[in-house]
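**Student:** Below are the structure tokens for one structure; questions will follow.
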């Protein structure tokens, strides 16, 4: 066979010599030397000193990266390696991607799957399927649908997806027309992945769903309470060992159970997997001892049930493949190594690898050598700490000892328990064993109704999750008031929680505050306020639990100390996101008051709501945290979620084990997660809080025990990784023990790889891939420099790391492939490869010249003919501007079918002499939004009066309007124009700021960041608004919301929609007019004219209210305009 077998003595050596792998050894390059190369080739496009670099082709940005780059997704070397290793041309059946969090495991798996999909497309019939199984399957689907480079969607479809996402977000409703269009479009794309008639080859399952669909318990099995797990019998539950006869005969036992009518194996799934590909993400979840399930049994069955040549290939992924217990290595190896390649052709048993006595476990002699041998050729290991891409990880606090033994790796924020906590802990005895329902004792205790005053001698608190809710719920109202406790109304998703001043750092004089009940949470709050005062930066707070002392109480602690949730309006005690001062004391003149806000993610929140909150927290507009400063997350965030630009991570409780703690670290330390921040801020400070007592305490004891267990796991990790397939390319050398790994050196180094072997490179199409890579590099070089000789271009192409994102060894490129790439890009009468270079549509032309031929990026004219002109690159060239009408959510408020151009012409005709304010009530929202974007992007002439109206009503904003908000002004400061230039406009739920007129790109911020309160108090008389009726806009009125809430309105139709003014009784119209101060002789005025007077009066009052000091925050509401969100009205009678 072309590729070496895994049992070959020199397997890794043979693999490393093949060009498709050897070329992925990233050559070391000195940064100063690389800059010299950039300047020597005249391709430095940015960075300090680029203006003096000797190049004069295109404008140079001294603040940008100096390197040319290739647009779009580029697989990094580790991803390319596993794509080349695990594909239909190689004989390797199973692979574990043991990559640290945030390094692109999902993209690697998709790249592997794409190779198999291309292979299966050649099958005439019975093509196998690709199964993606795991809790994060939705994330993998999302990656497939947002990355056109992966080959599942086109660039045009991705652009349409972004467009639909934007307008659906603006609609503010999951049931709007725009949201339905988005869902339909996404469903169409997803069906392409899974529908064989549309070219789909994928099946997506969660672990539980896969296991339940594979093993169907029959009615007979249900009657006998049959459990598949019973076939995987535990002979000793305490030690969790397996009966070797049972496990070795598991497939046979399934067959017997099927024969006996207890179970039905899904043969359709089995046939789909025959010869297919199985991708299993976060594989440690399928055999975790602490969370017993049948997920691993299902995977083991489908891998073992087929003859070896028909079994599906498998890719497993995990940053921490063993978590709960070191004995999980047995389960991992049984999945990773085909049955016939295990010792004696039988599954591994735990007694083969471990000696155990009671709760003590240790590796047997030679067990680690067996792990090394079995994992050779089956593991890819990646630990990437390149600070060019990853934020620096900084631990706050100090290392601690427990019982005179120093705890390794971790630094802690030591939080001594309060006296009240210590008294409570005494109730558990001298050597307390903390049960699962008593975990709150690690964090805090609750006031105890048994004591009238918590400060009385011998008083102790509550902490048991069974007893605490009952005791507090039955407490008297007087006791609750005396102790500052409020019971939160129970709901289906939050059965019990409390709030109140007892959670405050500064409670009323007679109430014991947070410091009395929790040393840990008091320290957390002090650190949060200190961080806010220090400057910008988002904060992630993690707790493994939801109830009792988990994320729900953390939410209440933040709110009790002046930090708002996503939607609450600021009050006097709300803290500022810039200086942490409360609003009543905010006297800073150098910045506006911006409330500090948090959001929360846990399993009991609807997935759609979690996704929205995460998107807002991660948004580029929230880079500094002034929209959402803090995110509180439970264990739901441990896997599959990525957080962008988080500067501080506060860990309030230990997850189940140290490997999962590493997963929590990895949520915020991810590749490119901090690239939008300045270099000096690309770091994450981690606060690991632990409650302590004078003798250490139960929480510190828990960390000590888990760290001891983790050392054993690390020994297994080292053996697993010792002969990693890509050790010689990833070049991971660890000299001293660290949290992620014990000392480790690759068994093969780049220096001893040996001579390059080309047979498989040429046989399996890697030469074609090299031509494509070279083509992309050539294009990037022409974008930096428009004229090259052949020899100059070849030298630049073969210079390593000259192009950002290309880290393969360019020196191994074939010049023949370079020539092929160049020819394929050059213009001819039969071919014109179009390239966009500096906003010019160009093509590469071959120009015969002496002493050497030239290659020139020539501009194409309107006939797509190349133009070689000496002035091409100094002439200011602007492509024709294309104007489009944006159909947005606002069409749901306006059913008019008239296009913008018709309305625009009507507007120019009607408003030559009319008061310009009337335009706000004569045209639908779609007209206004298209007009606003035209005013901002195209700077329409002769529209000064309309601009002033938009500005008077705080609908449009100029640069001058944004200047009082320094952090927001940074977003638009680079946009050309003076202080009066329009740069943004307000929608129902955000302000859209232009960032590039040329690209028509926008940046959205919440309304409150410009001190716009969407919930201003309504006046006590009447509320006016406009509503679409066909092509007409009708003026409607309704009572103010505070009147509606008093149930004075009994007509439900009136309650929900208001009524057209002209349809109201004459008496009611006159009453409203009199209350508004309209002093004409109303008896002689028609109903139509009277309603016009009321409408204009309300509009005038609305403008005056908005223009009062702080009017957009506290002004009285009179009229809802096209961009105002109407409150939801609910009939309560």
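Sequential numbering from 1, following the chain as shown.
Cβ from N, Cα, C; glycine included.
So Swiss-Prot lists these for the protein:
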{"type": "BINDING", "residues": "99, 100, 101, 102, 103, 104, 105, 106", "note": "ATP binding site"}
{"type": "DOMAIN", "residues": "52-352", "note": "domain 'Helicase ATP-binding'"}
{"type": "DOMAIN", "residues": "524-724", "note": "domain 'Helicase C-terminal'"}
{"type": "MOTIF", "residues": "281-284", "note": "motif 'DEAH box'"}
**Student:** What three-state class does DSSP give residue 103 (ATP binding site)?
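**Tutor:** Residue 103 (ATP binding site) sits in coil per DSSP, no helix or strand.
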**Student:** Looking only at the domain 'Helicase ATP-binding' (52-352), what is the model's average confidence as pLDDT?
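**Tutor:** Looking only at the domain 'Helicase ATP-binding' (52-352), pLDDT averages out to 84.
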**Student:** To test your reading of the ATP site: which residues beyond 99, 100, 101, 102, 103, 104, 105, 106, same chain only, put their Cβ within 8 Å of the Cβ centroid of those residues?
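**Tutor:** Not counting the recorded site residues, we get 319, 382, 666, 670, 671.
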**Student:** List, in sequence order, the same-chain residues at least six positions removed whose CB sits under 8 Å from that of residue 101 (ATP binding site)?
**Tutor:** 319, 662, 663, 665, 666, 667, 669, 670
**Student:** Give me the long-range Cβ neighbours of residue 99 (ATP binding site): same chain, 6+ apart, Cβ under 8 Å, in sequence order.
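**Tutor:** In sequence order, 78, 105, 108, 317, 319, 380, 381, 382, 383 meet the Cβ cut-off.
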**Student:** Let me check the 10 A CB neighbour count of residue 105 (ATP binding site). How many other CB atoms are there?
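**Tutor:** So the Cβ neighbour count for residue 105 (ATP binding site) comes to 26.
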